[in-house]
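**Student:** Quick paste of what Swiss-Prot says about this protein:
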BINDING   Arg40, Arg46  NADP(+) binding site
BINDING   Arg135, Ala136, Ser137, Gln256, Ala257, Gly300, Lys315, Pro316, Ile317, Ser318, Thr319, Arg341  FMN binding site
COMPBIAS  391-404  compositional bias 'Basic and acidic residues'
REGION    391-412  region 'Disordered'
Amino acid sequence: MLRWITAGESHGRALVAVLEGMVAGVELTSEDIGRQLARRRLGYGRGARMAFEADQVTMLGGVRHGLTLGGPVAIEVGNTEWPKWETVMSPDPVDPAELQNIARNAPLTRPRPGHADYAGMLKYGFDDARPVLERASARETAARVAVGTLAKAFLKQALGVDVISHVISIGDSDPYEGPVPDAADLAAIDASPVRAFDAQAESSMISEIEAAKKDGDTLGGVVEVVVAGLPVGLGSFISGQDRLDSQLAAAIMGIQAIKGVEIGDGFTTARRRGSAAHDEIYPGPDGILRSTNRAGGLEGGMTNGQPLRVRAAMKPISTVPRALATVDMSTGDEAVAIHQRSDVCAVPAAGVVAEAMVALVVARAALEKFGGDSLSETKTNVAAYLDAVAQREPRQESSDEQPARRAANTAG
């Protein structure tokens, strides 16, 4: 069972992530993790913190000479700003007199609408929002991207698949409706300032960000994660918690600021009639073919051999420069919300975080299906399963290739 957990605060010494259940023999380096963390900092509309925030990666355990050992893998992502926060965020007690004159320690008693501040202060009995926002911050996703890098490496090395993402829309920009990108397109996507797969969509997104920035506002958007080449049968129809789509939805909804998830065409499919909602099956010389992929690669909670497509809707960033109305928890008076340094738009980065979470969930499903204590054993099991599936899958035996040609011509 693949399990992961993170620890640490936004302005603490470091974030730490632990991934348990990974097989031995997976190639992984600090540089691999650093590259993924750098991708997380990408995006037009990011705030000043991205300019000087550097992710210092240290692998604390579970990896030797670039290979996983089969035990828990612990990864630390250091905070380069720690010296500025060492007193305020000290784990050990600090003399109140010393804290009194530190501006960073000023009580944060005006909760920000849309953040965890208000509910967290009441739930945990805090008079100050600092303990809440430090852990609730999206900075925590750096730790998840770190362990997600290992999940991606496993999927690539065991199954030969890549996990990629791109931005569909930002704010009210024209949504991208073109072909689904694949791994060969990732470099071009990352080269886009908004991680778009289309120049026209990119221009529309940038215009939205510029307008919001001018108005002192923030924006959300929609990202899509794509995983092509997965075998049939990851996940299960046996019970709700075993369905891969339920696991993916939970993992994506667990990302800060994500308010909606859809698999494949999702909400669009809900507006279609049944005759136009499903992916028809055609015989082909190498197995079955699909005319469409509206289901997003999942049917009955299982992968069906088509590209997995997961979309996530991110709300606008809650820390708005044009401060929103709130209440001062210390007095009960009307107030304006506290304003922490933040971004205008972090949608491009959300795609990278979503990649990590999809990779973790799919890697867990793959390990549950194929098992193994080492990468080589898992690969042997994968090969045997694929061979068995290939022998069971029907193939077109007649010379009539019309169904296959029709499927190829209408695929989308």
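Placed from the backbone N, Cα and C atoms, the Cβ positions cover glycine too.
Surface or core, plus neighbours and distances: that's what I need for these features.
**Tutor:** Long-range Cβ neighbours of Arg40 (NADP(+) binding site) (same chain, at least 6 residues apart, Cβ-Cβ under 8 Å): Thr141, Ala142, Val145, Ala349, Val352, Val353.
Around Ala257 (FMN binding site), taking its Cβ as the centre, 20 other Cβ atoms fall within 10 Å, counting all chains. According to DSSP, Ala257 (FMN binding site) is assigned to coil rather than to any helix or strand.
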**Student:** If one looks at the chain holding Ser137 (FMN binding site), which residues at least 6 apart in sequence have a CB under 8 angstroms from its CB?
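**Tutor:** Counting only residues 6 or more apart in sequence, the Cβ neighbours of Ser137 (FMN binding site) under 8 Å are Glu9, Ser10, Gln256.
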**Student:** Select one residue from Arg46, Lys315: among these binding-site residues, choose the one with the most other Cβ atoms within 10 Å of its Cβ.
**Tutor:** Arg46
**Student:** Measure from the CA atom of Arg46 (NADP(+) binding site) to the CA atom of Ile317 (FMN binding site) and give the result in Å, rounded to a whole number.
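**Tutor:** Ile317 (FMN binding site) and Arg46 (NADP(+) binding site) have their Cα atoms 11 Å apart.
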**Student:** Please give me the CB contact count at 10 A for Thr319 (FMN binding site), counting all chains in the structure.
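**Tutor:** By my count, 21.
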**Student:** Between the Cα atoms of Arg46 (NADP(+) binding site) and Thr319 (FMN binding site), what distance do you get, rounded to the nearest Å?
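**Tutor:** Between the alpha carbons of Arg46 (NADP(+) binding site) and Thr319 (FMN binding site) there are 13 Å.
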**Student:** Quick one: give me the count of other CB atoms within 10 A of the CB of Arg135 (FMN binding site).
**Tutor:** 16
